[in-house]
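A.B. asks: Structure below; questions to follow.
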Amino acid sequence: MTNLLTVLLLIDVFAYGFRYGVDGLNMNYYLMSCPFVEPVVKNIVNRAFQNDPTLAAALIRMHFHDCFIEGCDGSVLIDSTKDNTAEKDSPGNLSLRGYEVIDDIKEEIERQCPGVVSCADILAMAARDAVFFTGGPVYDIPKGRKDGRRSKIEDTINLPFPTFNASELIRSFGQRGFSAQEMVALSGAHTLGVARCASFKNRLSQVDPNLDTEFAKTLAKTCNSGDNAEQPFDYTRNDFDNVYFNALLRKNGVLASDQTLYTSPKTRNFVNAYAFNQAMFFFDFQQAMVKMGLLDVKDNSNGEVRENCRKIN
């Protein structure tokens, strides 16, 4: 009898989640409409990651650039047309990559459940799985985002710049409801990936007291190969860990917006904490990522489920 009650209770919980998750977000949003969406996303992200480990950083960055402009609505995925220059073609987004991974996931899901799963959700899930496959925290995200119908280059002016100091970063993230500590935790995504010379060469034209002398030589050597030359944020570029924060303690931050987190008294304590306590960083990062994934989400009234992630229906 107890087992039967438990089963009935679970059915009711799932039914509740399905009924009331229509316009709101819900962990079990696709439970009935597309039950295999999670393994499809995970398998394709894993396959892409095995072929090219650097794609993990790319997917997380793409999710961030999506959410910061017009909310988490897949607008960064939309291609430009002759009448509209989209977000992805702005200077701050030209180095984004991994669009083909999202295309592959969408194609497979459309085969299984046409017109059900949004591109915004696919990107959010892909970013979460990228964190997992690189050794980062395991966490779930609510689903049910709808895809936006707007993607304009001028909106990307709101992206944080690599030259921002701590006060500018705190203000930029604060406008989206994040605390200074959440901003530092999210900056920890730079535990993965690389920066291009163009985004840090300004630090090399004069002596920067917040840049280690030997590390400045390393950066200068990288820049000898041109503006597109890549410098890893830390020496474990494909591993999700707290090495990035330890680099800041040694004045080995690549971007000005990285090193300022340790230089500024407003954020230094958070950097110290994460450098010495990886578990704390992991916990705060996953909390901040879930929160970021809720930024300005669209519902059925102002969004859609795109058939093709690259264009509005």
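Placement of Cβ uses the backbone N, Cα and C atoms for every residue, glycine included.
No curator has checked TrEMBL annotations; they are predicted automatically.
Copied straight from TrEMBL:
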- 1-17: signal peptide (SIGNAL)
- Cys34-Cys113: disulfide bond (DISULFID)
- Arg61: site 'Transition state stabilizer' (SITE)
- Cys67-Cys72: disulfide bond (DISULFID)
- Cys119-Cys309: disulfide bond (DISULFID)
- Pro160: substrate binding site (BINDING)
- His190: heme b binding site (BINDING)
- Thr191, Asp234, Asp241: Ca(2+) 2 binding site (BINDING)
- Cys197-Cys223: disulfide bond (DISULFID)
A.B. asks: Between Cys72, Cys113, Cys309, which of the disulfide-bonded residues has its C-beta surrounded by the fewest other C-beta atoms within 10 Å?
C.D. replies: Cys113
A.B. asks: Hey, how far is Cys34 (disulfide bond) from Cys309 (disulfide bond), Cα to Cα, in Å?
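C.D. replies: Given the Cα positions, Cys34 (disulfide bond) is 18 Å from Cys309 (disulfide bond).
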A.B. asks: Reported as an integer number of Å, what is the Cα distance between His190 (heme b binding site) and Cys309 (disulfide bond)?
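C.D. replies: Per the Cα atoms, His190 (heme b binding site) and Cys309 (disulfide bond) stand 26 Å apart.
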A.B. asks: Would you mind reading off the Cα separation of Cys223 (disulfide bond) from Asp234 (Ca(2+) 2 binding site), to the nearest angstrom?
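C.D. replies: Just about 16 Å between their Cα atoms.
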A.B. asks: In Å, rounded, how far does the Cα of Arg61 (site 'Transition state stabilizer') sit from the Cα of Asp241 (Ca(2+) 2 binding site)?
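C.D. replies: Per the Cα atoms, Arg61 (site 'Transition state stabilizer') and Asp241 (Ca(2+) 2 binding site) stand 16 Å apart.
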A.B. asks: Among all chains shown, work out which of the disulfide-bonded residues Cys34, Cys67, Cys119, Cys197, Cys223 has the most CB atoms within 10 A of its CB.
C.D. replies: Cys119
A.B. asks: Other than its own, how many Cβ atoms are within 10 Å of the Cβ belonging to Asp234 (Ca(2+) 2 binding site)?
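C.D. replies: Around the Cβ of Asp234 (Ca(2+) 2 binding site), 22 other Cβ atoms lie within 10 Å.
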A.B. asks: Give the residue from the recorded positions Arg61, Pro160, His190, Thr191, Asp241 that has the most other Cβ atoms within 10 Å of its Cβ, counting over every protein chain displayed.
C.D. replies: Thr191
A.B. asks: Say you check the Cα of Cys309 (disulfide bond) against those of the binding-site residues Pro160, Thr191, Asp234, Asp241; which is nearest?
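C.D. replies: So, of the listed binding-site residues, the one sitting closest to Cys309 (disulfide bond) is Pro160.
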A.B. asks: Around the Ca(2+) 2 site formed by Thr191, Asp234, Asp241, which additional residues qualify by having Cβ within 8 Å of the site's Cβ center?
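C.D. replies: So the extra residues in range turn out to be Gly188, His190, Leu192, Phe233, Thr236, Arg237, Asp239, Phe240, Asn242, Val243, Tyr244, Phe245, Ala247.
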A.B. asks: Rounded to a whole angstrom, what is the C-alpha distance between Asp234 (Ca(2+) 2 binding site) and Cys72 (disulfide bond)?
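C.D. replies: Between the alpha carbons of Asp234 (Ca(2+) 2 binding site) and Cys72 (disulfide bond) there are 28 Å.
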